[in-house]
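Chemist: Dumping the structure here so I can ask a few things about it.
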Amino acid sequence: MFKTMNIFRLCTLKHMRLLLLMNTLIFLVLLFTLYISFTHSEKNFNSGNKFDEKQLTLNIIENRLQKLQQALKNRFPSAVDYIDVHVKHDLPTIYAITPTYKRWTQKADLTRLGQTLLHVPNFRWIVVEDSNEKTALVTNFLKFSGLQYTHLNAKTDQNYKLKSTDPNWLLPRGVAQRNKGLTWIRKNLSPHNNGILYFLDDDNTYSLRVFEEMRSTEVASVWPVGLSGGLKFEGPGKCKDGKVLEWYTAWKPERPFPIDMAGFAVNLKLLFKYSEAEYSNDAPRGYLESHFLTGLKLKRHDMEAKADNCSKVLVWHTRTEKPKMKQEEALIRQGKSSNSEMEV
């Protein structure tokens, strides 16, 4: 009897080891396939021919991956769960443009946002620095972020640069950086791409649900933004059947679109249809969003109401408190910095 039990245990152990080995091999194949598909994520397509070759390669890999998924599903259903979490072929890709600039809290803000974005499938982060060149801080951060990204830079015209003592609303911000991101999309993506455009400020707070809400955008969509415009929320205030009936704002309600930058998304097809639409430094205060959206020939009634008919706040216009660094700056002037190489 004991001999029979030992034989049974030995067979079971061998079977478990075989399954473990097979799962390990399959996992390595998946990682290699995903690596081939998404390697060189930062490199741009240089020409139409190269773009076609790249797209053809991706299509071949995608077909192979789908066949592998089906084979795995029959033998190891749990392995398919891994694929579904990380690569969802039926979902539009979200292309999010984030302007960023050098400041004490830059890395902290990017880290907080980046770790939220790790949970968003089919997502490409287009990070644009307000700088003459890409900085080591942002370069290294993105390299180890685990995200699919494009790293760009565009310097703000000095005539439109806020001074440290200026209020945030005095001049439009992020114009050059957002336009740089728009240019990259138009040059490197096809008008037939199934995608959504979103402008993602690095100091806001985002619920994961807001990304799922925007994926179904057919033309352009809106939702309320919390703690915006000096209000509890700003943007669409009353909606029904996916349409905005009333807008909730206190400042210049006559604006074409009284909303915050974080409160709308547009389908990529619209971006290619109206290829001249972009942001402008000459837009009046509070009209930055309106200038861009009207450039896409949109009107208020075109906007699709999301977030349960605008009844939920899924993004907040938070700002990281500016740290008081007088003592650190005083030590730096005296040559007594705690560690000049410490990256914060």
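Yeah, the Cβs are placed from backbone N, Cα and C, and that goes for glycine too.
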Chemist: To which of the residue ranges 145-164, 325-344 does TrEMBL assign the term region 'Disordered'?
Modeler: 325-344
Chemist: Select the closest residue to Glu234 (site 'Interaction with galactose moiety of substrate glycoprotein') from the following recorded positions, measuring between CA atoms: Tyr101, Arg173, Asp203, Glu289.
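Modeler: Considering only the listed recorded positions, the nearest one is Glu289.
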Chemist: Indicate the candidate from Thr318, Gln327 with the smallest number of other Cβ atoms within 10 Å of its Cβ, considering only these recorded positions.
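Modeler: It is Gln327 that, of the recorded positions Thr318, Gln327, has the fewest other Cβ atoms within 10 Å.
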Chemist: Please give me the CB contact count at 10 A for Tyr101 (UDP-alpha-D-glucuronate binding site), counting all chains in the structure.
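Modeler: Cβ-Cβ neighbours of Tyr101 (UDP-alpha-D-glucuronate binding site) within 10 Å number 19.
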Chemist: Asp201 (UDP-alpha-D-glucuronate binding site) to Glu289 (active site, proton donor/acceptor): how many Å between their Cα atoms?
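Modeler: With the alpha carbons as reference points, the distance is 13 Å.
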Chemist: I need the CA-to-CA distance for Pro99 (UDP-alpha-D-glucuronate binding site) versus Glu289 (active site, proton donor/acceptor), whole Å please.
Modeler: 15
Chemist: Who sits close to Glu289 (active site, proton donor/acceptor): which same-chain residues at least 6 apart have their Cβ under 8 Å from its Cβ?
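Modeler: Phe257, Ile259, Asp260, Met261, Phe264 - these are the non-local Cβ neighbours of Glu289 (active site, proton donor/acceptor), listed in sequence order.
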Chemist: For the C-alpha pair, I'd like the distance in angstrom between Arg173 (UDP-alpha-D-glucuronate binding site) and Gln327 (site 'Interaction with galactose moiety of substrate glycoprotein'), rounded off.
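Modeler: Per the Cα atoms, Arg173 (UDP-alpha-D-glucuronate binding site) and Gln327 (site 'Interaction with galactose moiety of substrate glycoprotein') stand 29 Å apart.
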